[in-house]
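Here is what TrEMBL says about this protein:
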type	residues	note
DOMAIN	11-126	domain 'Tetrahydrofolate dehydrogenase/cyclohydrolase catalytic'
DOMAIN	145-284	domain 'Tetrahydrofolate dehydrogenase/cyclohydrolase NAD(P)-binding'
BINDING	Gly171, His172, Ser173, Ile237	NADP(+) binding site
Amino acid sequence: MAEENYDSRKIDGRSLSKKVEDQVKQGVDRLKAEKGITPGLATILVGEDPASKMYVRLKHKACDRVGIHAEDHNMPESITQEELILRIQELNVRKDIHGILLQLPLPQHLDDKSAMLAIDPAKDADGFHPYNMGKLLIGDEGLVPCTPKGVIRALEEYDVEIQGKHAVIVGHSNVVGKPMAAMLINRNATVSVCHVFTDDLKKFTLDADILVVGTGVMHLIKADMVKEGAVIFDVGISEKEGKVYGDVDFDNVVKKASLITPVPGGVGPMTIAILMEHVLMAASNI
Ligand SMILES: Nc1nc2c(c(=O)[nH]1)N[C@@H](CN(C=O)c1ccc(C(=O)N[C@@H](CCC(=O)O)C(=O)O)cc1)CN2
């Protein structure tokens with residue numbers, strides 16, 4: 001018997017991100033032509049973590065594609081909290097820099113919360129500043145975390161109904177889980193947030209109409225843990241022997257899902273495209 005082809009169930013993050021980037025590029029061209037403003041992003045990378053270096057490189061390449069000026073602020077692992085905050089303050093007052101991004105995670109001796117707090121909320125391209133997180137909680141979504149916003153954009157593009165659905169999030173990080181919950185609640189989903197201390201994870205995941213998984217635990221979610229027809233977003237990323245894996249056992253889970261993101265090529269590229277959108281928004285003063 002011929003193997004079934006599940007390609008139509010795959011959410012293609014690469015082509016969705018291209019669509020977003022094309023729109024950003026048009027906006028950037030307009031801003032340059034009408035106001036003489038070139039949007040600028042400064043990325044701050046502390047230390048030499050290879051994955052973080054790669055993500056920053058990907059962000060710079062995206063800036064090149066859409067016409068955003070990108071500046072690399074690589075700082076040695078040994079810097080102090082004061083030096084980091086000083087650099088952020090210098091970028092806050094620069095007229096040519098509209099977005100500031102502090103690549104996470106930071107080395108252990110540095111505190112990401114007070115560093116985030118130092119970023120001008122109007123330049124907070126990642127949407128992690130407590131002011132922007134607070135606005136998100138009250139339903140005012142401006143600069144919000146890029147990965148969950150990418151998930152919402154994909155749900156919209158694929159015409160997935162959110163209102164009244166049971167959305168289950170696995171992982172309660174500040175980068176994905178918590179803001180994802182807020183965005184889904186803002187759209188009237190019934191939301192369950194599971195994490196490492198959740199008893200009987202499967203009980204929740206089996207009931208999910210929309211499942212978002214971001215834990216970094218390779219292939220945590222197996223086919224017997226998901227409902228037939230669920231829409232599944234895999235936000236996890238782990239590396240083993242040079243290969244990249246998600247949190248979802250894609251090859252088996254795809255047989256039950258109605259839509260599912262692969263890793264790579266799913267939510268990752270969308271995260272970067274939304275970041276581009278945010279720099280344009282900040283430069284346009286939206
Ligand atoms: N300041 C931030 N730090 C971190 C964020 C963030 O949004 N802001 N998220 C993650 C990492 N991340 C962005 O920084 C990120 C991760 C993965 C991808 C991506 O496109 N991945 C590719 C695969 C790449 C590979 O081969 O490994 C994909 O999924 O197709 C983009 C951004 C933590 N830190």
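Quick reminder: no glycine exception, Cβ is built from N, Cα and C everywhere.
Whatever TrEMBL says is automated annotation, not expert-curated.
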Three-class DSSP secondary structure - Gly171 (NADP(+) binding site): coil
Secondary structure composition of the domain 'Tetrahydrofolate dehydrogenase/cyclohydrolase catalytic' (11-126) [DSSP: H/G/I, E/B, coil]: 62 helix, 19 strand, 35 coil
For the domain 'Tetrahydrofolate dehydrogenase/cyclohydrolase NAD(P)-binding' (145-284), residues assigned helix / strand / coil by DSSP: 52 helix, 28 strand, 60 coil
Within the predicted model, mean pLDDT of the domain 'Tetrahydrofolate dehydrogenase/cyclohydrolase catalytic' (11-126): 98
